[in-house]
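Database features (Swiss-Prot):
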ACT_SITE  1263  active site, nucleophile
ACT_SITE  1673  active site, for mRNA (nucleoside-2'-O-)-methyltransferase activity
ACT_SITE  1779  active site, for mRNA (nucleoside-2'-O-)-methyltransferase activity
ACT_SITE  1817  active site, for mRNA (nucleoside-2'-O-)-methyltransferase activity
ACT_SITE  1848  active site, for mRNA (nucleoside-2'-O-)-methyltransferase activity
DOMAIN    628-811  domain 'RdRp catalytic'
DOMAIN    1662-1857  domain 'Mononegavirus-type SAM-dependent 2'-O-MTase'
REGION    902-1379  region 'GDP polyribonucleotidyltransferase'
């Protein structure tokens, strides 16, 4: 903050007020002043600095002249010294470093023992610890030298800080090694005695160098530790394996490069990022993707190199530096080459290394940013002539308008109001009336042009009054135009300007002098809340002469041409208003903009996105088109500056219409060109020539006018939304699917499009050409609206996600943890900050090394290294309180030593460093934090930590462990503990500090600042901070028990803002130190308070240990362990003083779970299993969705009133009042209290508010939030990293817990269980080198202690409410007026339809039809999902079923299906045609079959959950035998066909209008009833939840009604006689080849006849089977029956079996055999024996169907497949049958080799010697091939039923001397012989159901028998169908259904007619050939049908030919 009052106006503010920036002009000013000559550049700054320097610089000059007398020193710029400063270490601190690492290892080993004890990993005696791999004796010098450098410089800076605390503005002078430093906070001098050079710089430059040394030390230390660990045991260290010596070499090369290239050298460093990116692309992508990018990049580097020298010479001309040498081009090129080579060696083709190196450029220091030059670059960019294309702008506007329409339809179920409907065509008016919009596929660019003409009416209002939300925007503001000179030091200004300024300053009001938004209001005594609205409505902002724009550099920005614009307060508030309106009203319609997501959400989105675009999940659609995908990451050059009024206004005008304003959203474009832009860097004043008015000063570098473009920080949101709309246009024009995430100019775009792969185009080429084409399209689209893509930062890839510096490839994230710990070090915040905060920061930053299973050990060692350094070394040198801190620490350690009876001091320290900070120890990271990130109860966690620690700590005396807990429980009641409501989110990173004290300091600061405010508003509000909590306490003081949360709820429902936020706004940043410097609010007293706070913290442990009462009994378990949960509860209750209080204590997973490594599924615990079979799981993706139970969300039910009307504050206020009503339900006086609060905060009575409140909250709610208030002694907090929150509805553990806790919500215990389990797996894997297959976490019941919510007694004192809410007026949310309320709740009478049905509505749910309502709501919910899925295939695919499992457990299945069917027909009903027509109904149901399978997966997942299954089996027992979604789909569709229509509830909106109008019309036709329309006000999902809640309350128990009917065995498994089923299979014909030719050219016995057939005729006799029909071409009994007789196996092993048809045939041939089944689990294929189940009725003969196995374990080419083959069945593999389709020949041999390995090594199989057989499918190749070693082929079978043109045969293999497989010619000739000689035989029996299923799947609605009439009916249907233009998803790609259907259907019908008309013939290839030759449309047939459809077609053809008479 820059105070402007005259007394201190010349306060020296260093450039460090822009964090981390090294200012060029300041450096120039310092040097020029000290030398008396121009230093870095000859410009106005150096001139002014020489003529009239500022006082501080003069003081520095005097010091400099007295200290340094030498004359012949060479002057250089700071960067030239970098290399020398970095290498300057005169003392070697190696011993200190060794000592620190050794101690760190000792401390870590104790923590490691704790972890191993908890995880039950016993270490053997000869292997003491993995920590021994880090050997202190051989620390490499690339680690130690950086430590020494940092240590010395840090010591110097600390010394300077101590001086400065004592006496502000001191200067210190000291020599380190060969360099002499003169340091002061306003400038430094460095002189090298070695090279005789001298340089001048800002204090920030020295700090930057210190930080760089620290970063390099941290990085190198990490690399060394990690490599030492990995070398000895892979997986102990980090994933990346950088080489330390090389990293060091890189530092040195770059330092020396910068040292010769000066400041200009940083332009090269900036390009390193791109170079590393090109390395990354080289690893992850195919060549064509990466080379283009790499070449662009290298060209860019060379260009930069060529320019450097010229730039430098130009800059230094006329300065001291002019004579210095500048290296030639070749020298620099060589150095640069060296640096790039080193980077390349470091990356070493490893993606983790590359990701890690991405942090690299922050380790090289920072350039000086030249402010004026940056500003000139901005000016240049704005003057570029733009050529815009009108058509493109119009399309852009149309797309933007469409987005808004979609947004309104989705949120408000209506279009926005439109002024000029007549511009729309009939088609759009139809959408308008139907309240819907077309899907992406139906749009064309014409639509956008048409929509661009639409004008909206006002929909949103501008807030009437300014409220604090608007004000609390921490944006700096510029001084107004006449005070602009306050920015520069007065000495720099000419006298006349100085005098005039003093006068202006004196006359202007206080508020104009400030530079912070908040103070702008605080100091305004005429402030009126209605002013802003007037200012905006009258459009005064457009002609405001006072407007000025001052530009400042962005913090830490490397490039030139990015500046940050500031405006005066008055204009700034208009901008804040515009941004706020956008964020609230328009941004929600653009989900792609990332501005609205938090980090965790963002990370989740990225995970989903990279998952979707992973190369592994590519697939073809139903047309067999390959879906090409690519991702494009673009960066637009000068994004903000490229916008002009023309490009902003196309969309801004639309937003203006919606808000009823004029030019509010692009007003800056209208005013800025007329204002002056000025560079307001303190040390860069303009040349004034004595002119005061800046509008009259002539243009120069750093001051210009007529700025045309946009500027950073203007309307980022609007521009991002324009970019989204532009991509919409591109997507529609090119017919591709675009998924984008945008953040301003940074865009990550995924494109996908189905393409045909033709000759010579493989998948990579298809992806590449799509990427390049789309990149061009995007580039051109941007070009048309005046933007240019940056070449070096735009890249295309197949499968690399890159957003905000996080790299994900193949769906795996590369976290680069070293980047996160570069800044770890002592005093990580600031001087005054608590040592405790510093420790917390070290703790949480080092934890980054553990996330995602990186490395526990590296994190431990690094963390303890710095913590030990901080506590034991740095604490002595604390500038304010070093001695006191150290004394206090020694005292604490002495007491600890005595208490535990420890002999050695080092052991005491080891113990203390592992005691959690909550108890006054030195460990900020409690044990649980390495395993889960959030906890409901910190106290229990700390107790658990102590209990584990004392258990493993062997150095303490007997009994001291118990004594410790007794001491803990005998702590005095805390006299000062009051109910403090913490000001911060309890989950924030870093500690709460002492909650009480912090809020005291904050309150003191805020109150004093606020109460000084002359503005009445703020004055009154200030009282709130001093009194509010006490007052709120009084309202509820008579209510017992006091529930800590109750107070908080009260506190939130009264209109308060949190003090913390205001403090930050005033002081500008969170640190107390800044409060000290920048506000007068804190004085010496506060400093003392802060110091005593630190001392209190350090003495906490000694206070705990000082009292120990022996008579306390500790709660213990049977085995003597402590029950931590109870200890913590007792402690919590005792530490409150004189209040009856309910402390909610939750168990800690560390103590309440026993970890067992076992694979027994009977254990009653939570099972975590490994999801891959590799030895380690590092860097692998886990399962895509959690695999235990379903996730639960807090669901609040809010009526569907028009929420758009409410402001954000009003919504929050309603929620808070809802909470209050919920918590205190039934307490006396509650109604009156609520009434007063409602009137005070919302302005309407409770009665009116009631309908708006959320309907319910879960029991969880109290528990969840109660922990946010806790006693003063125990503040703590953890970073939220991953929260998982599961219901264990279905696991056995649920029973155990329900028995104990009843219906109480036990979620709390488990919200971290999964997260913890996964981390445990990862840690066990790191420590032992292999990860357990499975672990079970078994809850220990006595450790789990859950309290019921309390019952409150007593009554409220509501008299205070009025006072509190009137004190708070500025903070109160907007009032609601009755008109608004009426709009929201009253049904509107307008537009009453004449139709009788519309007027008669009644509620669907009337109190007695609970189950029916639930079933109906759920059915409608699923139908809704269907329509959503068909409309937009969006990236953020939701897991729709989640959270609905419990609801389904209560449904009436009959009603469910009926409503589902009815709703479906209404949603998809006919356009034209009679809806009651049977065909129409069939048509809709058949459409359902074609819906994308992801819907069926979700649906089946929910319905097949055990508890839902139990319920549905009351209606249909068959559900018990269903497995997998395919079977479920058929079963469900059968039910739909036969069910009746039912009444459907329809949702109405706030105006009580029906939402789905068109659907209701069809519904009324359908039912033709006179009963009224049944409606519901809630949306379907909310309704379902609410009713489930009611049902549960009614029956008050969770369990689902038990089965009332007993099942007969026949019902569960209908008896099917296998021998009868045998008749469904045709007889097979085959030829056995015994001794075949091995010469490939053999022509022996070739037949001359060659059939030319195109269709797969081999399926002609397979019409009895639906999913697969292998059993029709091959039979075990026919082929190898004799062998089977000899072997007599009891079990057949089928692998690679698909739908199990061959297995079904074998089951019919051998009725007594059992089966083991395996089939590759692939998303697109069957991995369940559906066909087997269909033929044989049930599955009880399949012993092991492979349930629950992962994909790898079902793949016969993977070793694990064979390892797990005996997991259930323990019989030998006597005969294994393999029908797998292998991609290539190698896979076949892989499978054979693995089979051989298995049968030769397996215990079970080896007992049979070599008598084991494998009967497998093989595709013969051109030449004959040898089998793998020791595998022999006995016979080959060629089947008549194989594809004629293929080379498929079946080979029988056994163990023995290896021989050859048959070759292609051999098999081919045998096939032709079979084809010529044999007819296909027909099965004896026809199964009508199967034939019908085949017909239906070929052509929906096709019925048997197929005759002339049936085909005519189908043709008639086609004409009806063509009205449908909806979009379906077919095989993953979206098509317009009507076109797709008519093409396919007409083709099929024509062929069937041809078959009808053809004669009956023998089924052989002669006849088939004749059929094909007589059919004219063969080409069309083959083009329009995919291979699967052709097979179905032939099956149906076979059935027709067979049934001919």
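Backbone N, Cα and C define each Cβ position, glycine as well.
Quick caveat, the model's predicted, so the values are computed rather than measured.
Structure coloured by features recorded in Swiss-Prot.
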residue : record                                                              : DSSP (3 states)
1673    : active site, for mRNA (nucleoside-2'-O-)-methyltransferase activity : coil
1779    : active site, for mRNA (nucleoside-2'-O-)-methyltransferase activity : coil
1817    : active site, for mRNA (nucleoside-2'-O-)-methyltransferase activity : strand
1848    : active site, for mRNA (nucleoside-2'-O-)-methyltransferase activity : strand
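For the pair formed by residue 1817 (active site, for mRNA (nucleoside-2'-O-)-methyltransferase activity) and residue 1848 (active site, for mRNA (nucleoside-2'-O-)-methyltransferase activity), distance between Cα atoms is given as 7 Å, rounded to the nearest Å. Cβ packing within 10 Å was compared across the active-site residues 1779, 1848, and the lowest neighbour count falls to 1848.
Of all the active-site residues given, namely 1673, 1817, the one with the smallest number of surrounding CB atoms inside 10 A is 1817.
Residue 1848 (active site, for mRNA (nucleoside-2'-O-)-methyltransferase activity) and residue 1779 (active site, for mRNA (nucleoside-2'-O-)-methyltransferase activity) are 11 Å apart (CA-CA, integer value). Distance noted between the C-alpha atoms of residue 1848 (active site, for mRNA (nucleoside-2'-O-)-methyltransferase activity) and residue 1673 (active site, for mRNA (nucleoside-2'-O-)-methyltransferase activity) is 11 Å.
When pLDDT values are averaged over the region 'GDP polyribonucleotidyltransferase' (902-1379), the model yields 67.
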